[in-house]
Amino acid sequence: MSRRKLAAGNWKMNGLAAQLAEIDALVNACPAPGCDVLICPPATLIAPMAQRAAGSVVAVGGQDCHARDSGAHTGDVSAAMLRDAGASYVILGHSERRADHGESDADVRAKTEAAWAAGLVAIVCVGETEAQRDAGEALSVVGAQLAGSLPDGATAANTVVAYEPVWAIGTGRTPSNDDIAEMHSHMRARLAERFGAEADGMRLLYGGSVKPGNAREIFGLADVDGGLVGGASLKAADFAGIVEAAG
Ligand SMILES: O=C[C@H](O)COP(=O)(O)O
């Protein structure tokens, strides 16, 4: 099964209107990439970024959504609102959301259902802490997160899974290639048990200190279908190198 790779940037809580110029630079640097390209800016920049990127190869996504469409949820944003602002993807269950906002697998599953209902592709994040890896629990922890966070209706078209070891995020550290390959193979097998042949088409991203200098090697590993990139997605020059590696 050939899966088109995805280079996804997560700007996290970074970016003011002035940074929208990075999108122009990215579009110029990557006029015809051989992979899908996505930037997930903070919610305040989704609409202007989507307008700026309209007609280009760069898709725009959210970093979270509420499980409900609308209502009395001060400060929250629904999947329908993201879609209305021009998003086509949403990151769900990022470890920073799980840690900062206490999001459970059940919460992530409900948000994923909401994302699909709004026509968004869900990028569902999983990953172990360093203590869990040291205890030999990485595979079982990620397997349980996958089982709990993905609803039954997951398909290759509506879902992307991102494996992000918590200890590799923003640290400059990455797992060994063998460890990444082992985890991605494990995830593919768990998905195949549950979703059958559909799992062959699901894209599995690696995230955690992906840089232009290591992206090609990581994206070349079996069952790695691109990356979810934090810090190195903020500057078009860096992210263009990662897009190039994925293409
Ligand atoms: O969503 C992105 C990840 O948390 C990775 O962040 P990082 O590339 O800054 O390590």
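Cβ atoms are placed via backbone N, Cα and C, with glycine included.
Annotated features, as they stand in TrEMBL:
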BINDING   Asn10, Trp11, Lys12, Gly170, Ser209, Gly230, Gly231  substrate binding site
ACT_SITE  His94  active site, electrophile
ACT_SITE  Glu164  active site, proton acceptor
Taking only the recorded positions Asn10, Trp11, His94, Gly170, Gly230, which one has a CA atom nearest to the CA atom of Glu164 (active site, proton acceptor)?
His94
What same-chain residues, at least 6 away in sequence, bring their CB to under 8 Å of the CB of Asn10 (substrate binding site)?
Cys40, Gln63, Ile91, His94, Gly207, Leu228, Val229, Gly230, Ser233
Which one of these binding-site residues, Gly170, Gly230, Gly231, has the sparsest Cβ neighbourhood, judged by other Cβ atoms within 10 angstroms?
Gly170
Quick one: give me the count of other CB atoms within 10 A of the CB of Glu164 (active site, proton acceptor).
26
Residues satisfying Cβ distance under 8 Å from Lys12 (substrate binding site), sequence separation of at least 6:
Pro42, Gln63, Glu96, Gly230
Which of the three DSSP states, helix, strand or coil, fits Gly231 (substrate binding site)?
helix
From the binding-site residues listed here (Trp11, Lys12, Ser209), select those whose CB sits under 6 A from an atom of ligand 1.
Ser209
Inside 10 Å of the Cβ of Ser209 (substrate binding site), count up the other Cβ atoms and send me the figure.
22
Let me know the most crowded of the recorded positions, choosing from Trp11, His94 and counting other Cβ atoms within 10 Å.
His94
So the record assigns Asn10, Trp11, Lys12, Gly170, Ser209, Gly230, Gly231 to substrate. If I measure every Cα pair among those residues, what is the longest distance in angstrom, as a whole number?
14
